[in-house]
Amino acid sequence: MAHAPEPDPAACDLGDERPKWDNKAQYLLSCTGFAVGLGNIWRFPYLCQTYGGGAFLIPYVIALVFEGIPIFHVELAIGQRLRKGSVGVWTAISPYLSGVGLGCVTLSFLISLYYNTIVAWVLWYLLNSFQHPLPWSSCPPDLNRTGFVEECQGSSAVSYFWYRQTLNITADINDSGSIQWWLLICLAASWAVVYMCVIRGIETTGKVIYFTALFPYLVLTIFLIRGLTLPGATKGLIYLFTPNMHILQNPRVWLDAATQIFFSLSLAFGGHIAFASYNSPRNDCQKDAVVIALVNRMTSLYASIAVFSVLGFKATNDYEHCLDRNILSLINDFDFPEQSISRDDYPAVLMHLNATWPKRVAQLPLKACLLEDFLDKSASGPGLAFVVFTETDLHMPGAPVWAMLFFGMLFTLGLSTMFGTVEAVITPLLDVGVLPRWVPKEALTGLVCLVCFLSATCFTLQSGNYWLEIFDNFAASPNLLMLAFLEVVGVVYVYGMKRFCDDIAWMTGRRPSPYWRLTWRVVSPLLLTIFVAYIILLFWKPLRYKAWNPKYELFPSRQEKLYPGWARAACVLLSLLPVLWVPVAALAQLLTRRRRTWRDRDARPDTDMRPDTDTRPDTDMRPDTDMR
């Protein structure tokens, strides 16, 4: 086996200057906590349920094996070898690729704005869980105290608390509304907690991560044990994992599987590059990539089982309530004795009455009661946490305790992800020396958190939820795929496969297998090209959003509306802003080198008019010894 050349001693000595993790456990927990986030709890179970249950695992595993793990390995390897943040890493590989690092920093900044807003929402619900009864358990009375608020009666108590008492949402994105002070306070508190945890980088996050990364697994286990003992839990699990293979013909399934991999592993954020830069240069990054990716996958499955065992109970409970209301209508209209119709007898009785009294039965307010319909009502994203799961808690004994556990788990999950997201912004800024050396890191961290907080106040407006959906749909998904594509291409085709494999051999003691080389060189770039092309095609369709409008004729269903022109422009800008750094930085580098070449040419004697041909960037993947 060929061995990579030994690096300069000065490069190795850099490890004494750069901060290091106290132990391997801190690093693995930080990477796992950064990767395992809110999406593992509410997006992955929803995708499994939407796309054919167990059938969704097929594209998910394929995307994980041929796209997720290889790119994850690339990020850990370049961060560990160069011992810099994303900007420093890509500048070292090629100055023309410095825009990739700037794009990662910009993307992490944008994601941190709306992600910590969700953490603020979670904090608001967590604080409201310390009361009995829970504030979303019943509708508030109207002004006359003669009934309940009409909007709440037309929807549900949990929906009213979410859309009106929490978000106080407007009916249209054009109506910005005012800042909601309770959300602003929770947002400030969330950023204050993040600042205190990342104030000194890995020195402080390495201590907090023991709790924030492990506590969610404890709560998931508690919910799983409790959920499996509830009636209807097995129905939820059967519905979740029953495969529908025909759904694999839908290209959207494969796109969602690919994007879920990027969200669940937090790829292309730059956070893993930053975390890996604090490792020992001889750390086995290949093993870390595989272990963390598999832990992340098992966490998603584990969370799906826990979530849908509880949602199966809710669906069964709603289904039985629907049957009971229909049975009561039949008993009252046909003067049957009380309890004369059981739930098991209801279908036969209804069929008999339809045959003998069809007109009379047609006039009754009977609803179609199908268990599958209630299982289909599970929601994705914040709706799962703030509407579906809060309603489920109400049916469980000791509802406030379960609410506190659930939102406490979400809060710690969100914090763990925020640690990596903020570190992806701060580490490159420290590496490039944005502030003078005498300015402490605590000041830069505080400045970044303050700017993020002020920028995120737009999400505390009454229209803030619409803006959050725009950021989530257009700032995150397309840029993650495009930046990941540039990462793979930059390492394999700009830096060079052989040189990269030599570096990995020096770090891990073994050269990458054909699996790694094939995925890096062909499979991952090809898959990413297809996914990016498909996303571009989706952008040609009219852009729509769903509004909460109590005056909508189909209320409580959300009204689908077209984005206004200015909002569409914002969508396009957000989808291009991070990746625009790539051509801009490359052009700036080209102009800088051209000016330098012209200046050198003017300074030479007239007899030597030959330009300097050695203008290639120094892409030796050795750390810069002139670093803090």
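Every residue number used here counts from 1 along the chain in the order it is shown.
Backbone N, Cα and C define each Cβ position, glycine as well.
Not measured: the values here are computed from a predicted model.
Database features (Swiss-Prot):
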type: CARBOHYD; residues: Asn144; note: N-linked glycosylation site
type: CARBOHYD; residues: Asn168; note: N-linked glycosylation site
type: CARBOHYD; residues: Asn174; note: N-linked glycosylation site
type: CARBOHYD; residues: Asn354; note: N-linked glycosylation site
type: REGION; residues: 602-628; note: region 'Disordered'
type: TOPO_DOM; residues: 1-26; note: topological domain 'Cytoplasmic'
type: TOPO_DOM; residues: 48-51; note: topological domain 'Extracellular'
type: TOPO_DOM; residues: 75-88; note: topological domain 'Cytoplasmic'
type: TOPO_DOM; residues: 112-178; note: topological domain 'Extracellular'
type: TOPO_DOM; residues: 202-207; note: topological domain 'Cytoplasmic'
type: TOPO_DOM; residues: 231-253; note: topological domain 'Extracellular'
type: TOPO_DOM; residues: 277-288; note: topological domain 'Cytoplasmic'
type: TOPO_DOM; residues: 312-399; note: topological domain 'Extracellular'
type: TOPO_DOM; residues: 423-442; note: topological domain 'Cytoplasmic'
type: TOPO_DOM; residues: 466-474; note: topological domain 'Extracellular'
type: TOPO_DOM; residues: 498-517; note: topological domain 'Cytoplasmic'
type: TOPO_DOM; residues: 592-628; note: topological domain 'Cytoplasmic'
type: TRANSMEM; residues: 27-47; note: transmembrane segment
type: TRANSMEM; residues: 52-74; note: transmembrane segment
type: TRANSMEM; residues: 89-111; note: transmembrane segment
type: TRANSMEM; residues: 179-201; note: transmembrane segment
type: TRANSMEM; residues: 208-230; note: transmembrane segment
type: TRANSMEM; residues: 254-276; note: transmembrane segment
type: TRANSMEM; residues: 289-311; note: transmembrane segment
type: TRANSMEM; residues: 400-422; note: transmembrane segment
type: TRANSMEM; residues: 443-465; note: transmembrane segment
type: TRANSMEM; residues: 475-497; note: transmembrane segment
type: TRANSMEM; residues: 518-540; note: transmembrane segment
type: TRANSMEM; residues: 569-591; note: transmembrane segment
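Sequence features, as recorded in Swiss-Prot, placed on the structure.
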residue: Asn144; record: N-linked glycosylation site; Cβ contacts under 8 Å, 6 or more apart: none
residue: Asn168; record: N-linked glycosylation site; Cβ contacts under 8 Å, 6 or more apart: Gly177, Gln180, Gln462
residue: Asn174; record: N-linked glycosylation site; Cβ contacts under 8 Å, 6 or more apart: Pro564
residue: Asn354; record: N-linked glycosylation site; Cβ contacts under 8 Å, 6 or more apart: Val361
* List the helix, strand and coil residue totals of the topological domain 'Cytoplasmic' (423-442) as derived from DSSP. => 12 helix, 0 strand, 8 coil
* Tell me the residue counts in helix, strand and coil for the topological domain 'Extracellular' (112-178), as DSSP assigns them. => 32 helix, 2 strand, 33 coil
* Structure fact -> Taking the transmembrane segment (179-201) as reference, the highest number of CB pairs under 8 angstroms among 289-311, 443-465, 518-540 goes to 443-465
* To do: Could you check if the transmembrane segment (475-497) is in contact with the transmembrane segment (27-47), meaning 3+ Cβ pairs under 8 Å among residue pairs at least 6 apart in sequence?
  => no
* Find the average pLDDT over the topological domain 'Extracellular' (112-178) in the predicted model and report it. => 91
* May I ask you to check whether the transmembrane segment (89-111) and the transmembrane segment (27-47) make contact, with contact taken as at least three Cβ pairs under 8 Å and only pairs 6 or more apart in sequence counted? => no
* Asked: So what's near the topological domain 'Extracellular' (48-51) in sequence-distant terms, Cβ-Cβ under 8 Å and 6+ beyond its ends?
  -> 57, 239-241, 244, 247, 250, 253, 256, 304, 308, 375, 378, 380
* **For the topological domain 'Cytoplasmic' (498-517), the number of residues DSSP places in helix, strand and coil** => 15 helix, 0 strand, 5 coil
* Any contact between the transmembrane segment (518-540) and the transmembrane segment (52-74), i.e. 3 or more CB pairs below 8 Å with pairs at least 6 residues apart? -> yes
* Structure fact -> The answer for the topological domain 'Extracellular' (231-253), taking Cβ pairs under 8 Å and residues 6+ beyond its ends, is 45, 48-49, 51-56, 58-59, 304-305, 308-317, 371-372, 375, 534
* To do: Give residue numbers and ranges for long-range contacts of the transmembrane segment (443-465): same chain, 6 or more residues beyond its ends, CB-CB under 8 A.
  => 109, 112-114, 116-117, 167-170, 172-173, 175-180, 183-184, 187-188, 191, 194-195, 198-201, 422, 425-426, 429-430, 434-435
* To do: Provide the three-state DSSP residue tally for the topological domain 'Extracellular' (231-253): helix first, then strand, then coil.
  => 17 helix, 0 strand, 6 coil
